[in-house]
Protein chains: 2
Amino acid sequence: MQSFELDKSDILKIRKALEEDDSALKALVAEYHPSEIAILFEGLPQESRERIISILPAEVASEVISEMDAEFHPEKLLENLHPERRSEIVEELDYDDATDIISQLPEEQQQEILEELDEEDASNIRSLLKYDDDTAGGLMNTQVIKISMKLMKKDALELVIQQSEEMEEFYTINVIDDKNVLRGIVSLKDIIKARNNVRIEEIIKTDFVFVKADTDQEEVARLISQYNLTSIPVVDDNMHLLGRITFDDVIDVMEEENTEDILKISGVSEDEELAGNWKEAVKSRLPWLILNLGTAFLAASVIRYFDSSIARMGILAGYMVMIAGMGGNAATQALAVTVRRISLNDLTDNQAYRTVLKEFTVGLINGASIGFVIFLFAVFYDGNPMLGLVIFVAMTGNLIIAGMAGSSIPLMLKRVGIDPAIASSIIITTFTDVFGFLLLLGLASKLLL
Amino acid sequence: MQSFELDKSDILKIRKALEEDDSALKALVAEYHPSEIAILFEGLPQESRERIISILPAEVASEVISEMDAEFHPEKLLENLHPERRSEIVEELDYDDATDIISQLPEEQQQEILEELDEEDASNIRSLLKYDDDTAGGLMNTQVIKISMKLMKKDALELVIQQSEEMEEFYTINVIDDKNVLRGIVSLKDIIKARNNVRIEEIIKTDFVFVKADTDQEEVARLISQYNLTSIPVVDDNMHLLGRITFDDVIDVMEEENTEDILKISGVSEDEELAGNWKEAVKSRLPWLILNLGTAFLAASVIRYFDSSIARMGILAGYMVMIAGMGGNAATQALAVTVRRISLNDLTDNQAYRTVLKEFTVGLINGASIGFVIFLFAVFYDGNPMLGLVIFVAMTGNLIIAGMAGSSIPLMLKRVGIDPAIASSIIITTFTDVFGFLLLLGLASKLLL
């Protein structure tokens, strides 16, 4: 039974082979798919990666490099290669992958590599380097299958086969007119099924989905996912075909965007590399903690204002912590649900109002339920029903605020064009802390002391 | 310029047409792609959805229903349809989609619908209903292209075209032997390129990726993403071909799994429907808040233990809130990064130890930095350097604990086979609250009072 799961034993085998000579190592790595080698690389030091790349056939080496996660810096593998070997590997890469990897190198090295390549490859990669990383232009591959709409079936089929020689895989055949304007798409199946005397323009689909080079990658992912496309053409303002983006690029984009969402909502900068070292982590997280410190001073100043109340009634401090903790958690819950709905495009404008109303209701019920439990505790353990009542009201009020802040703040950010996930728990909990303390301590001062 | 974005005006147009007669409504909805109608449905009440489904051609109605997000309950649209119309629509559905939708109905209605269908459709759907929703069997479509390895090129091509008549799209051709055992795969392109006297077995790829019917859907998604597959065959224990799963199903799975991750990490039950009503939200979130209440009592009991210290030094209460807030946020940061790495299969065993070590370092540096700011405040605002020192030590210690708990708890859960995302911020912050208060109040009692 075949298994497609790598485990520790694979890494250990490779490590062992690394201590032996090249032929043993060569034989071992030949057992793995390039995408598996890319994953195994994550557990190996840079020198070992370089050694393995050096003994692989150029077309395998290029596949490994293109499959490596950007976090593990595939570009570093190119730096120390012999120029000849390097251009061999880069020429095997798809243009979009080559561009992604080269763009990570310093300008000087980029030029060096481009000069080593043949004319055509270099100019293709140069033109792709112009586009922003996170746009359709930055994602697209310029190798496409394209045929003229005037071709007869037989010639079209031949041309498609010929163009596909150099491509690993293709999904959609682009049909252009004599001005290179994209007029439609057709599938290989439809060409084969057509009668022999059919001209391509008779069987093309003219109602198709496409994107511009400057379309944001999230929008590209949304279209591919919504219309279940294997690939989507990229065009310029005059509908000239520039390239194509395939579903597998979009799967990577989706994973990237989801990582960003989960990090931002947790108060981590979206560009922290998951596998980065502690320096990068500090750089990414400390600014958020300092922002949080500012808001914590705000909450603390509320407490300082009621200083004497706390001194006169020490048990209030414990209840304060409960109010703050529950408020923060309830706000995070509402935030997660709302941010995820916005990410999935799952909210129309008229549902925004209903969402906040729903979170109000949820806060009211959850707050009253939790508040009631604490009320009972205050009555039976502390023997102070009035204190129980104060806490009940403060908890209910705080969880209502939590639900409303957790849902309305990301919705408002979205409305003004700011990424809603930035309304991280750090910002939202300021509201619940400040408001919760004001309610609890304010009521306690008035009613209990 | 074509736009693929729906907005409020589309909903308003549909609402207006709903007030007019069928022909106006029919003309309007004909302008939209089925997947767009599915999205517009999200903003319409059930009666309007039913009316639109009733006037659409059966093949469009079935596409709309299959494109609807499960959250918006496409199965409800089948309930009130005339049996004849209903079987017409269900027969247009792919078997996997039909199964997903029918499985949401009560047993009795499932049988009713299955009895209306023709023999073949009913038996296909019945066999799919046996599989768990979140396994390969539950995801797969039983409509596949399969040819015998003994066929010559021309016969193979004819058979593929013939089999593909009923399928919207296909990507991989499955090649079987005479015992129906899957022996390899081949692409349409490779068949066309082959010479005429070639037998299929000469051009198949025998080294291909497949899954069993009981493989978890997350594993299916991982394989499709890792190997960039458009579709993956599903087999039984004897390598008999059962069906196929396509990349678009996997995109849906990825979105679902990402939603679950982001919800769980925020203390929301993974099965809360994002668009659900307040009752479902309370049911999903209140248990987590009650769990949190338990841990809050724990933190509060630490505070109660130091009751008299707080009464004697009221300003401690404000600093307590800072310690708890910063600790909770730092723990959430470490948690998000670690859970995401585990989700992306981005961690080998020997990196686990290094991850915790990294988070220790990050906690130390961030804790000391934040602690130093508060130290300055205590010195210059409260005029109490000793208090500043106590807070500095407590903050540093608390952020170290936050980093270590946030990274090691999900890693340990993963090791024992529990979903790491369940180590939500609610659980992690217990550690930081209890430990932070113990440090701050314990040190303060010993050194300041």
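Our numbering is plain: 1 for the first residue shown, then up by one each step along the chain.
Keep in mind that glycine also has a Cβ here, set from the backbone N, Cα and C atoms.
According to TrEMBL:
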type     : residues  : note
DOMAIN   : A:140-202 : domain 'CBS'
DOMAIN   : A:203-260 : domain 'CBS'
TRANSMEM : A:286-306 : transmembrane segment
TRANSMEM : A:318-339 : transmembrane segment
TRANSMEM : A:360-381 : transmembrane segment
TRANSMEM : A:387-409 : transmembrane segment
TRANSMEM : A:421-444 : transmembrane segment
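Contacts between the transmembrane segment (A:360-381) and the transmembrane segment (A:318-339): present, as 3 or more C-beta pairs lie under 8 angstroms, all at sequence separation of six or more. Helix, strand and coil residue tallies for the domain 'CBS' (A:203-260), in that order: 25 helix, 16 strand, 17 coil [DSSP]. Looking just at the domain 'CBS' (A:203-260), the mean pLDDT is 90.
With helix defined as DSSP H, G or I and strand as E or B, the domain 'CBS' (A:140-202) counts 21 helix, 16 strand, 26 coil.
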